Amino acid sequence: MVLIRVLANLLILQLSYAQKSSELVIGGDECNINEHRFLVALYDVSSGDFRGSGTLINPEWVLTAAHCETEEMKLQFGLHSKRVPNKDKQTRVSKEKFFCESNKNYTKWNKDIMLIKLNRPVKNSAHIEPLSLPSSPPSVGSVCRIMGWGTLSDTEMILPDVPHCANINLLNYSDCQAAYPELPAKSRTLCAGILEGGKDTCSGDSGGPLICNGTFQGIASWGSTLCGYVREPGSYTKVFDHLDWIQSIIAGNTNVTCPL
């Protein structure tokens, strides 16, 4: 029994720098049913597997992480409880998906972003409403809200029925560099978390929003598999740096390139 536990712990340590392939909100509480009208649940059509979350940015477009992609995606809007859906829940499928050059051309620190065009627009309702894109970048020290249906444990996959939310802080990029030495000197990501540990996104939360001082600023991308671990914050794709790309794609300019 002791040997099994030791081996399990070694496996967790080996995964400690793994990408949050489909990323929990560790240390959070159930979200208020009215605070996440823009939050989208993503599923693989073929397998039915939950892939993570996205953010509705207008009636026809969803923004999420590139690594949440599957060949055909089902998107659910107005969802809180998976078992007892809201009456105004709407379901769509992906019509087109847009990436920075290629759906494989992303790294932990660059281009982990995907725009999904829906097969038809969603309608605003009591539990569905788009979230605006940012007009300015966030400031270090900002209080940021994270949310998602990700696992509630970093040692086993326990996906909740309802989304969980937590408040974390926007940190200096150097805090992520200290935790993850492979990070470059600069990247188009945000570093966010609680340095003392205890609150974090985790497996199943990928693609969900980072909302700082009420503004959509980041997309949950990756971090330590030991979710909520001391001095191991999360990395979030910086939405503001990709505004031109996002707006150009939506306007029909599909030849636009992402920022370097």
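Each Cβ is built from the backbone N, Cα and C atoms, and glycine gets one as well.
What Swiss-Prot records for H67, D112, S206 is active site, charge relay system, and it gives similarity to another entry as the kind of evidence. What Swiss-Prot lists as disulfide bond is C31-C165, C100-C258, C144-C212, C176-C191, C202-C227, and the listing cites sequence analysis. According to Swiss-Prot, the domain 'Peptidase S1' annotation covers 25-251. The N-linked glycosylation site annotation in Swiss-Prot covers N105, N172, N213, N255. The signal peptide annotation in Swiss-Prot covers 1-18 and rests on sequence analysis.
For the recorded site, C176 (disulfide bond), the DSSP three-state label reads helix. The two recorded residues, C227 (disulfide bond) and D112 (active site, charge relay system), have Cα atoms 19 Å apart.
When the disulfide-bonded residues C100, C176, C258 are scored by other C-beta atoms within 10 Å, C176 scores highest. Using Cα positions, the member of the active-site residues H67, D112, S206 nearest to C258 (disulfide bond) is identified as D112. Here the candidates are the active-site residues H67, D112, S206, and by Cα distance the one nearest C31 (disulfide bond) turns out to be S206. Counting neighbouring Cβ atoms within 10 Å of each of the disulfide-bonded residues (C31, C144, C202, C212), the lowest count belongs to C31.
Taking CA atoms as the reference points, N213 (N-linked glycosylation site) and S206 (active site, charge relay system) are 20 Å apart. H67 (active site, charge relay system) falls within a helical segment according to DSSP.
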